[in-house]
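Undergrad: Below: one structure in structure tokens.
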Amino acid sequence: MYVLKNGQVLNESGELENKDVLIQNGKVNLIADSIEVTSGEEFDATGKLIAPGFIDVHVHLREPGGEHKETILTGTKAAARGGYTTICSMPNTKPVPDSKEVMNSLQAKIKETAEVRVLPYASITTSLGTDELVDFEALKEAGAFAFTDDGVGVQLAGTMYEAMKRAAALDMAIVAHCEDNSLIYGGVVHDGIFAEKEGLKGIPNIAESVQIARDVLLAEAAGCHYHVCHISTKESVRVVRDAKRAGIRVTAEVSPHHLILDEEDIPGNDGNWKMNPPLRSKEDRAALLEGLLDGTIDFIATDHAPHAAEEKNVPMEQAAFGIVGLETAFPLLYTHFVKTNEWTLKQLIDWMTVKPAECFKLPYGKLEEGAVADIVVLDLEKEATIDPATFYSKGKNTPFVGETCIGWPVATFAEGELVYNEGENK
């Protein structure tokens, strides 16, 4: 049992109220002006925000098969440090969770080592990127969160349509990394100013938006919940907006780096600035911000993608795609958008908690009496510089190194257990 004393909580109007919070038996037992108990542990939250634990539906934990990049343990420790209490693990592992046996093995490993809640995706196709569909029913029984071939767009419309029909029959979501391979052209960055300046092959916007346009029509025909991963282009935002207006069951996420950065921020041919989708144009970034504010884009997800140093500290042509994000998402977004009065604090918290929960019907994301005690304590005055040497993640690959941010998680509770406390050893 914990009592969080003298903290602040956000009410429905977005105003801060001084409250104590009692955690008992893994639940939020009481939220009141003052709580006095004779047993349990007191946590001093004076002047700090007590918020629901963050939810990230797009995380690469790399285990099994990529433990040199990340493990379930290190990835969930990083999540806890970043304030995340629920993360959804992508299936680009070795082996791929494309069968009940592999999924059962993964679930056992999660139960054994995870510091926070991990909801694993199953793949759509066997081995990722094939045309053979997995056994959807068996994988749902084994606890799959949803189905995705993340990292690889499903290339054939017929394959995707059949997958959507099977997912719809089970009331499960299809989650899509949208990329038409015939339009990538071997690109490593956005097909724009930076690519031209550096003489690099570019990935055009249409590689993403064309597949989203195809898929929303398939989702309409199949009656499926279709979710777009890491949306990055103005055309994609337009397609999703039109689909929502047409009543199609489509949701979309955006990553912090696509909201904060664009291609003109890239300092040079540095593998730590290589991600997929790539940093796009200023016009694309503006469209993403507009889409998030008007509800076209539903929430924020990090696409945390750790790699070993030797896979990133090389030119872009040789580097792996992806950057880490779990430990820096909140401070970066708070600094860039809340402190600048572009967003309210409540908007940011909602996009990291209740919005993803609502999209995927998860019973998390709210701080209220009776709720699961997934909680992050945030020091909105704490200022610190992003230093990969301090990361709990094995991945140190971030373009934000050296940036000073304000507003950091200082404690995280997952199902009532203190899983991160600032200042304690890793």
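Cβ atoms are placed via backbone N, Cα and C, with glycine included.
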Undergrad: The Zn(2+) 1 site in Swiss-Prot lists His58, His60, Asp150. Which one of Asp298, Asp303, Asp350, Asp374 belongs there according to the record?
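TA: For the Zn(2+) 1 site that includes His58, His60, Asp150, Swiss-Prot also lists Asp303.
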Undergrad: If Swiss-Prot gives His60, Leu61, Arg62, Asn92, Asn276, Phe321, Gly322 as binding substrate, which of His307, His336 does it give for that site as well?
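TA: For the substrate site that includes His60, Leu61, Arg62, Asn92, Asn276, Phe321, Gly322, Swiss-Prot also lists His307.
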Undergrad: If I go by Swiss-Prot, which of His177, His190 binds Zn(2+) 2 at the same site as Asp150, His230?
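TA: Same Zn(2+) 2 site in Swiss-Prot: His177.
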Undergrad: Just to be sure I understand: of His58, Asp150, His230, Asp303, which recorded positions have a C-alpha no more than 10 angstroms from the C-alpha of Asn92 (substrate binding site)?
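TA: Final answer, ordered: Asp150.
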Undergrad: Which whole-number value in Å describes the distance between the Cα atoms of Asp150 (Zn(2+) 1 binding site) and Asp303 (active site)?
TA: 10
Undergrad: List, in sequence order, those recorded positions among Leu61, Arg62, Asp303, His307 whose Cα sits within 10 Å of the Cα of His177 (Zn(2+) 2 binding site).
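TA: Among Leu61, Arg62, Asp303, His307, not one has a Cα sitting within 10 Å of that of His177 (Zn(2+) 2 binding site).
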Undergrad: May I ask which of the recorded positions His58, His230, Asp303 is closest to Gly322 (substrate binding site) if we compare their C-alpha atoms?
TA: Asp303
Undergrad: Are there residues of the same chain, six or more positions away from His58 (Zn(2+) 1 binding site), whose CB falls under 8 angstroms from its CB, and which are they?
TA: Cys88, Met90, Asp150, Cys229, His230, Glu253, Ser255, Ala301, Thr302, Asp303, His304
Undergrad: Which one of these recorded positions, Asp150, Asp303, has the sparsest Cβ neighbourhood, judged by other Cβ atoms within 10 angstroms?
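TA: Lowest Cβ count within 10 Å among the recorded positions (Asp150, Asp303) is Asp150.
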